[in-house]
Amino acid sequence: MEDTVKQDLNALIKKYDAFIANTLKPSLKKELDERDLIFNHISEYQKLKVQIDTIKDNDLQELKTMVDLGSQFFVQAHIPDTKYIYVNVGFGFHVQFTLKEALAFIQKKEAQLQKLADKHTEEADKIRAHIKMKPFEAVMDYGNKKIEPVVNIIEPYFESFNNEMQPILQRPIDWILFVYFVTHIPITIFFDLQCLYPQWLIPQFLIQLNGSYLQLTSDPFMNTSNNIYWFKSFALCEAFIQLPFFFIACHGLLKNKSWIRLPLAIYGAHVMTTVIPCLAEIVFNQEIYGLSNIQRNIIFFLYFPYFLIPFVGLVDSSIRITKRLGYIDKQLALKKDT
């Protein structure tokens, strides 16, 4: 029994070591490298500031300096007029400034870069704290008990903790859902809810834009003169239920919060059941609205993503929730047995 406990304990230690070596330490190195790069930029701006101060303090009208042509090969350059200076403002763009304007820009740029450096320092400190955690305290508390329940308790959190360390761009499904919700906010406010607004409240350019869309598609749902009351009921749900949730979903997906999964599943089921009647109306009642085949196809392909993406969110969230509930049931059974 003692040998089995030691083997399981060694396996648990190896898992922690692998997690630290493969996830935490590379993340720490990345944060420190990005911070050092920012410090280099700050240093360059500080050197430029010193040069500008020298020109101003000595009232230099012209200047001789050494220019690096590459590979540490310097040549002497003559600057006939020091009234203006070109400063690299980022992304390969150089802007002509007066000396006073350049100093003002450098001051703001240094403050901005320092904030970015502080952010990377904060993230690096968090990662160091995770590395220094003592993951074996839970094992020591159960020193005289079976080691297997401890392994089962700790192991499922490796993947979830690793996911929380990942930015949203490394979570493709969450990234798609995030873009969907971000873009859906203005679409809902300015277009989908026009059928509920009084005419005097809608800006003229939105009326014209909606008119251009109707000329192309003859979309019966976007035509405010059509009194399709069941669609208006869907619009009310979108205004008072979906729209507030869009902001919550953006935050939850960006921060990869576990609590967002159940609301996402509910939202996906709700939206799918509202989009399906719209698609069915377009496909099977095209004669009622006088739609051509081209118009019907355009409307169908415009509406279909609003069925597909919530469906993907529903499936993904359901899988995550099912796994978590299965894990909880397993732990309750283990606790009952012990």
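A Cβ is built for glycine as well, from the same backbone N, Cα and C atoms used for every other residue.
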Quick test of your reading of TrEMBL: among 43-70, 99-126, where does it put coiled coil? 99-126
May I ask for the residues of the chain that lie six or more residues beyond the transmembrane segment (296-315) and have a Cβ under 8 Å from a Cβ within it? 173, 176-177, 180, 216-217, 219, 264-265, 267-269, 271-272, 275-276, 278-279, 282-283, 286
Residue counts in helix (H, G, I), strand (E, B) and coil for the domain 'EXPERA' (173-314), per DSSP? 117 helix, 0 strand, 25 coil
